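Trainee: One structure, pasted below without further comment.
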Amino acid sequence: ENISDFSSNITDCTQVVVPEEVFFTVAAAGILENLLVLIAVVRNKNLHLPMYFFICSLAISDMLGSLYKTLENIFIILCKMGYLTRRGDFEKKLDDAMDSMFILSLLGSIFSLLAIAADRYITIFYALRYHSIMTLRRALVILAIIWTFCAGSSIAIALFSYEAATVIPFTILFPLMMFFILCLYIHMFLLARSHAKKIASLPTSTVHQRTNMKGAITLTIFLGVFLCCWAPFVLHILLARFCPHNPYCACYMSIFHVNGTLIMCNAIIDPMIFAYRSPELRSTFKKMFCCAR
């Protein structure tokens with residue numbers, strides 16, 4: 001909020017403000033949709049697979065992102081109404097908690113996408129040994145490690161974000177992880193055809209190969225949506241940190257509210273992709289709604 005006020009003083013660019021009603025509507029839709037994904041996976045035993053557990057991890061990250069923006073807007077409204085002061089001790093701790101939730105959502109999304117990409121890689125290139133390599137127990141251990149690391153990192157970054165030693169790794173982590181995931185996907189698609197020829201003589205290999213490639217395409221869509229929704233906000237953070245006084249940077253920061261809305265749109269789009277690309281999940285949703293009626 002302070003950065004937005006400051007940027008409006010040093011640039012002629014008009015602040016783009018998204019109505020609060022839009023914020024809360026988009027956030028509520030994102031939370032409800034991802035909650036439905038979690039309930040569907042829990043209720044359907046056929047979805048108790050490592051891939052869907054990783055998808056649940058991504059859904060939790062999306063929910064945290066929407067929840068963060070919802071609470072942030074509530075606190076901003078309370079500040080404008082005079083119920084909260086921006087420099088109080090309680091408000092400072094509250095701000096640190098909010099920052100920690102945002103970073104947790106970002107890191108959780110990145111590492112969940114990385115886990116999904118690794119799972120798809122094993123599915124395609126080690127199809128015959130997939131169930132022995134990626135067991136349900138190992139998937140749960142991986143998720144426990146991911147969320148323990150993300151929680152510790154988010155708390156550390158939120159508390160010591162003014163330190164260069166913390167800011168620099170955070171600014172490098174996002175593009176580095178995205179580059180690694182992109183390389184992994186490119187490697188998968190380049191070798192998928194040659195790998196398909198090697199197992200073409202095996203029974204039902206064509207069906208399995210099509211299914212595996214469909215999963216890889218689906219998760220590539222996830223990655224593209226994630227980049228489009230999160231990259232503008234991460235760029236905003238970098239510009240606010242490294243060139244806050246530059247008029248061009250300040251002009252970009254004038255669309256802060258739009259970038260925040262994009263994060264919540266990611267939470268809405270992901271469940272739609274889940275439902276569209278997964279027949280089993282789509283069938284579970286239909287059964288849930290029919291039972292509710």
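Here the Cβ of each residue, glycine as well, is placed from N, Cα and C on the backbone.
As listed in TrEMBL for this protein:
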type	residues	note
DOMAIN	33-274	domain 'G-protein coupled receptors family 1 profile'
TRANSMEM	22-42	transmembrane segment
TRANSMEM	49-68	transmembrane segment
TRANSMEM	102-128	transmembrane segment
TRANSMEM	140-162	transmembrane segment
TRANSMEM	168-192	transmembrane segment
TRANSMEM	213-235	transmembrane segment
TRANSMEM	255-276	transmembrane segment
Trainee: Could you check if the transmembrane segment (22-42) is in contact with the transmembrane segment (255-276), meaning 3+ Cβ pairs under 8 Å among residue pairs at least 6 apart in sequence?
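Mentor: These two segments touch.
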Trainee: Same chain, outside the transmembrane segment (255-276) by at least 6, Cβ under 8 Å from its Cβ: which residues?
Mentor: 3-4, 15-18, 22-23, 26-27, 29-31, 33-34, 36-37, 55, 58-59, 62-63, 65-66, 69, 72, 109, 218, 221-222, 225-226, 228-230, 232-233, 236, 282, 285
Trainee: Below 8 angstroms Cβ to Cβ, which residues of this chain, lying six or more residues outside the transmembrane segment (140-162), approach it?
Mentor: 53-54, 57, 96-97, 99-101, 103-104, 107-108, 111-112, 115, 170
Trainee: Check the domain 'G-protein coupled receptors family 1 profile' (33-274) for me and report the mean pLDDT.
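Mentor: 78, rounded to a whole number.
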